[in-house]
Amino acid sequence: MSKEDISRRQFLNYTLTGVGGFMAAGVLMPMVRFAIDPVLAKEANQDMVAVTEVAKIGDEPKRFNFKIKQKDGWYESEVTLSAWVYKNGKGEINALSPVCKHLGCTIDWNTDPGHPNQFYCPCHGGRYTKDGTNVKGTPPLAPLDVYESKVKDGKLYLGKAKPRKGA
Amino acid sequence: MLQKVYDWVDERLDITPLWRDVADHEVPEHVNPAHHFSAFVYCFGGLTFFITVIQILSGMFLAMYYAPDIVNAWESVYYLQNQVAFGVIVRGMHHWGASLVIVMMFLHTLRVFFQGAYKKPRELNWVVGVLIFGVMLGLGFTGYLLPWDMKAVFATKVGIQIAETIPVIGPIAKTFLSSGEIIGAQTLTRFFAIHVFFLPAALLALMGAHFIMIRKQGISGPL
Ligand code: FES
């Protein structure tokens, strides 16, 4: 490398940009990390809560409400969730989330006279069959989420609603 | 790459003169600490500006988590400081910077005063500087209440009662500042609005005037 390769002006430019960049990064790095903290935070886990007695669950989807403790930053509260629960042909309990997979409206069972025995979303006419599978040709692109569930002492416990793959 | 983008824009909009006009000017020898170390006193104004920039940035980020409401204010500050990554640092910057900016501004004022730099033709810039001083103290006063802890509330009570002692308009000033009889919910929202909207807007306008006048008149000559 000969002496002419870098001029005094260039050298100063590089050093000043470097030092300035270092200082700016030192100021901005904590602030940016602070701002994106929710993105990097890990998902809060949620306890399973008792929802209903198993005896009350029939073949027809029925809406059950249950309360969970929610922590939203500094604000802690109890929120009410609901689940569509029924026993399928094999006697297994199915607990579906009422949140439409299109854009998040709340679905209802059997409220569209044109399509009986389906879940129906009033917002854009999304429909799902009884097992939660989205009906082709309606807006939703995925089946309804299913709650993690377990049965203990004759009671149904539900946890988080988990998405599943499909149609 | 960057050079090409710059050239592309420059070819169309001729932006070079814009920044040249701001950046291209000689630093006189008597204000350059590399020539006379004692010239570091000329840095205080720039340092005040530098800390002000940090205050504005850290304040914008703090506002992402802060809730200006008597029920949630303290909790949200506690949360952002202890639960959010780098919360201690971002709030620390704003907290310590608030004091430091006033120290720097004071040193800058002393320099200008003892060098007589405020004399003709720079009297107007001194006036604007004093207004900036007032705005900064206002920012300090209103910001102090926002964490809504004991110290904040009682300091504000004291401050508002000092305002009450102003002759004639004192009682009105008190009611205006506390937004009613009680120092409470409405005082907090009012102080928040003043702290994040009104005073920063005034500060930016005044600082703009301050800098334009410096560029017009140049730095005062050597003693
Ligand atoms: S949100 Fe349910 S169909 Fe659009």
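Residue numbering: from 1, along the chain as shown.
For all residues, glycine too, the Cβ spot is worked out from N, Cα and C.
Just so you know, TrEMBL annotations are computer predictions that nobody has curated.
Look at TrEMBL and you will find B:5-223 tagged as domain 'Cytochrome b/b6 N-terminal region profile'. Look at TrEMBL and you will find B:39-67, B:96-114, B:126-146, B:192-214 tagged as transmembrane segment.
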Please report, as numbers and ranges, the same-chain residues at least 6 past the borders of the transmembrane segment (B:39-67) whose CB is under 8 Å from any CB of it. 30-33, 73, 75-77, 79-80, 84, 87, 90-91, 93-94, 97-98, 100-101, 104-105, 107-108, 111, 139, 146, 196, 200, 203, 207, 219
Check the domain 'Cytochrome b/b6 N-terminal region profile' (B:5-223) for me and report the mean pLDDT. 96
